[in-house]
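Below is one structure, written out as structure tokens, with a few remarks after it.
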Amino acid sequence: MSNVNLSVSDVWRLMMRVCWLVRQDSRHQRIRLPHLEAVVIGRGPETKITDKKCSRQQVQLKAECNKGYVKVKQVGVNPTSIDSVVIGKDQEVKLQPGQVLHMVNELYPYIVEFEEEAKNPGLETHRKRKRSGDSDSIERDAAHEAEPGTGLEPGSNHNQCSVPPKKGKDAPIKKESLGHWSQGLKISMQDPKMQVYKDEQVVVIKDKYPKARYHWLVLPWTAISSLKAVTREHLELLKHMHTVGEKVIVDFAGSSKLRFRLGYHAIPSMSHVHLHVISQDFDSPCLKNKKHWNSFNTEYFLESQAVIEMVQEAGRVTVRDGMPELLKLPLRCHECQQLLPSIPQLKEHLRKHWTQ
């Protein structure tokens, strides 16, 4: 058998980028979007959507594989949105990795993924998904949660929050784990370097982009996609997650006089249930905008105990309508309720409370 020697440039010439539309709750297989071909989807067997408010021809999608985005045109009458911003009938908007497309009425969330694939079937198929965990992509996310990764030790240089994860021998990532950054928790929770505590039910990791001096995530080993998937069967697990969160505060911030809150985002950006354990100083350069602030300081942040009581009484978690609108509220100090015009001014104001 003859040997074929390919240079790096030869390999890239043999590669082609492909685009996939992926349902975030994994209700159906991902849908391939061929380069520059108009694909119309909506209610039907392909999407498993039966909601009659969703047209059979709700959106037209056209992938610009070379440019790394998808043009989305709303065809149906009812609203299609990207990151909670309605597109509008017969209007066209770009959908980029890191953004969430809701098919209709803020329901049925989708993301796009790009992969590199070998053109020559004789070569071993090589796929490399376009990672969208950079800061720009995270800024676009509706909840603006950080992608957990290598994390920061309390007291370390918070400016690291703008530095991408290191690659190399020290940071192996399984091929099958690569994908949209919203799947990042599933990778991070398996990384011993990130774990600060674990037992048979849960693992605690440091948030890679902490929004305060102390910011951890408590995750169950059991795969639970979101709060909507929580049932009464998960009640003891939720209680255990809360107990572990309190334990981590004592173990790692016991000498601190900081106040903490434990809770969940109403609409999480990461596809695995996770409990935030966050100090209330919000002293972090990773806290960059209004959505970051409001995701922790409005009713968008669901208290852990309230979630437990909800499941105990109703057997499920109910998230009321209009949650994305809370992220647009004016900036208000969580300590004294004073309104502030900008994040820099809010941060300067918060310093006054640290000394009290």
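Cβ coordinates are placed from backbone N, Cα and C, and glycine is handled just like the others.
Within the listed segments 42-47, 126-131, Swiss-Prot records motif 'Nuclear localization signal' for the stretch 126-131. The residues of the region 'Interactions with ADPRT/PARP1 and NCL' (1-110), classed with DSSP into helix (H, G, I), strand (E, B) and coil, number 6 helix, 48 strand, 56 coil. Spacing of H274 (active site, tele-AMP-histidine intermediate) relative to H265 (site 'Interaction with DNA substrate') is 9 Å (Cα to Cα, whole number). The DSSP secondary structure for K291 (site 'Interaction with DNA substrate') is helix.
In this structure the C-alpha atoms belonging to K291 (site 'Interaction with DNA substrate') and H265 (site 'Interaction with DNA substrate') are separated by 12 Å. Rounded to a whole number, the distance between the Cα atoms of H276 (site 'Interaction with DNA substrate') and H265 (site 'Interaction with DNA substrate') is 8 Å. Using DSSP to sort the residues of the motif 'Histidine triad motif' (272-276) gives these counts of helix, strand and coil: 0 helix, 2 strand, 3 coil.
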